[in-house]
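For reference, the structure discussed in these notes is given below.
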Number of protein chains: 2
Amino acid sequence: MKNIPLILMGCGGVGRQLLQHIVSCRSLHFTQGLCLRVVGVGDSKSLVVTEDLLHEGLNDGFLLELCRVKSVGESLLKLLDFGKCQAFVHPESQGKILEIAFQLGKKTGLVFVDCSASSDTVAVLKQAIDMGCCAVMANKKPLTSTMEDFKKLFIYPRRIRHESTVGAGLPVIASLNRIISSGDPVHQIIGSLSGTLGYVMSEVEDGKPLSQVVRDAKSLGYTEPDPRDDLGGMDVARKALILARILGHQINLDSIQIESLYPKEMGPGVMTVEDFLNRGLLLLDKDIQDRVEKAASNGNVLRYVCVIMGSRCEVGIQELPKNSPLGRLRGSDNVLEIYTRCYSKQPLVIQGAGAGNDTTAAGVLADIVDIQDLFP
Amino acid sequence: MKNIPLILMGCGGVGRQLLQHIVSCRSLHFTQGLCLRVVGVGDSKSLVVTEDLLHEGLNDGFLLELCRVKSVGESLLKLLDFGKCQAFVHPESQGKILEIAFQLGKKTGLVFVDCSASSDTVAVLKQAIDMGCCAVMANKKPLTSTMEDFKKLFIYPRRIRHESTVGAGLPVIASLNRIISSGDPVHQIIGSLSGTLGYVMSEVEDGKPLSQVVRDAKSLGYTEPDPRDDLGGMDVARKALILARILGHQINLDSIQIESLYPKEMGPGVMTVEDFLNRGLLLLDKDIQDRVEKAASNGNVLRYVCVIMGSRCEVGIQELPKNSPLGRLRGSDNVLEIYTRCYSKQPLVIQGAGAGNDTTAAGVLADIVDIQDLFP
């Protein structure tokens, strides 16, 4: 039986879903000779740790109670009443995490699972990796900070996995890494990596005004609470940066040309969300409609995509053939087209839901299972 | 530097392409701390082995000369003149291979790479795996023989990889294994896994007669020398069987319902290839044309696919919505739709070239690189 100790950082929707997946996959993993032992779970404020680090994980009842406690917005400290654990609060929790990394990292291996959405985890992750730990990440932030941080995280490239940072559970990173290992040169990647923007662009293609489509998307729960967080393109740019860096481009977020779907004058510092939705957006309808019509007159459609080609990496609206995998995209699926020597005329295409806690957590779990070979 | 010794079985197009990829990826793999050391290469008749098994592989000049010799149809024994190697002929070669497996398997690990198209490799593979070796396969035959053989090959599931048995280098198996590891239940797989039949079905959809389309496909080099080898569906059935077995179905090739596109009376034992192409095929035009028209009247198209759902596994023509990833398929790409809990309304789709020596060998090489973590 292979025993893989884990520390989970972040107990938001993805983190909680991951814990539930781990519990419900116990017997499946057992038949595969695998035991995932969650030794600690932390959020931005506190950390709970199993009492017997070397032998026992937090038990399944405890993990499910943890999910319940966090889903109703309570503190991890609440769990001290519930079961055998130690609890630490920030900033002591950081020190404790590194102590565990030191204790387990070299000896048995330890996987740091980052399901937070914070830039603050990068310091801990770098130190843990230095101490022989592995990292599995759904969090894009540490991978999209400086090149120096990125290089430190990838100092042992086999020990870090981050499938769910791009396209949630879609096998994007795994496939790209396979292409790279096989020496097949990547000529171009073009992808629609935001479910929200995918939906928006395919709806405006049908002639609906942008303002209405965005309001619909918001009421369908497709957007962030402030839809400008999607429309600004920063989330897509982070994904593009991760792909570009995997391809070996030593670039930063600020070297990516990002087209925002709203002008600075409608930014969060200037307009309230309500104002933007009810007033600002209306002013953008005409321009998008004109562009849609112009594209249609060329037999094309508009898609909000990332394009990585040579040293070029940009994010924004592109006019694409209606009759291509990206052009045919409808709704909120992600689509990635990868052009290589092997896939030169027709790209390798990966398509499917690219968001959602369930899918994202599934991608994280597959990464964890995948690094088992590194464990004794 | 991680040193991975390999034995290659099969020096057809894929095997030779793999050797060329290995040579041309030397510096790439070197920067990743990886050295692939080809210690032996065999075909159905003979085997050449490096003189110093423990320390040296066959050198790159030798490997390229081997590719040249085999591409002009000469014997591996020809290489005795060329460089430092030992040579063995069948059946001694089999014994020698097992001796190497015994010598290296437990000690340093050894990867058996099966790029042959023969059922004969299964015995050697099973024994090698027993001795601690790994296997990477492009050859479908050993995986589609008895369940008993399959189980023996998968006794250590992490030590066997076979991406290129389905969809060539497309990340089909890797993606499916990730889905399984994450506990996401697979509800249905439906895929067009023959480039030839994909091309044929999309051409007859345009109203061309089957007979003409098959003759065109043959002259474009899309078919086997005897196109009935494609039209019979056996190759697709083998791929379907591999996918079904990965999903845990303990079935054999003869439990798969296979629809052949030609009747028994036109089989290879009854008609010559020329007779089939010039006379037999014409008799099949009307029926396919009727089916295409019937499908079109329902807004559907015909695709030759494998369907795996529950315990059902079948291969043949299905009527599918025109507006689905499979329905939109044109030309010779492979398309796979995977429906799971995470991908329930819209499937996870993987699409791209599913044949060709270059792509197939790239998939094999990615598998080899991927099992490096098992090596000390």
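Cβ from N, Cα, C; glycine included.
Some features that TrEMBL has for this protein:
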type     : residues                                 : note
BINDING  : B:G10, B:C11, B:G12, B:G13, B:V14, B:G15 : NADP(+) binding site
BINDING  : B:K140                                   : NADPH binding site
DOMAIN   : B:171-369                                : domain 'Homoserine dehydrogenase catalytic'
BINDING  : B:E224                                   : L-homoserine binding site
ACT_SITE : B:K239                                   : active site, proton donor
Let me make sure I understand the structure: which of the binding-site residues listed (B:C11, B:V14) has the fewest other Cβ atoms within 10 A of its Cβ?
B:C11
Which one is it, among the recorded positions B:K140, B:E224, B:K239, that lies nearest to B:V14 (NADP(+) binding site) by Cα separation?
B:K140
For B:G15 (NADP(+) binding site), nearby residues of its own chain (Cβ under 8 Å, 6 or more apart in sequence):
B:L8, B:M9, B:V41, B:K70, B:V113, B:C115, B:S116, B:A361
Fewest other Cβ within 10 angstroms of its own Cβ, chosen from the recorded positions B:K140, B:K239:
B:K140
Fill in the CA-CA distance, the residue listed as 'NADPH binding site' to B:C11 (NADP(+) binding site), as an integer in Å.
16
For the recorded NADP(+) site formed by B:G10, B:C11, B:G12, B:G13, B:V14, B:G15, name the remaining residues of the chain with Cβ within 8 Å of the site's Cβ center, in chain order.
B:R16, B:Q17, B:L18, B:K70, B:C115, B:S116, B:N357
Pairwise CA distance, B:E224 (L-homoserine binding site) versus B:C11 (NADP(+) binding site), rounded so that it is a whole Å:
18
If you count other CB atoms within 10 A of each CB, which of B:G10, B:G13 wins among these binding-site residues?
B:G10
Between B:G13 (NADP(+) binding site) and the residue listed as 'active site, proton donor', how far is it from one CA atom to the other, in Å?
20
Using C-alpha atoms only, work out the spacing between B:G12 (NADP(+) binding site) and the residue listed as 'active site, proton donor' and round it to an integer in Å.
20
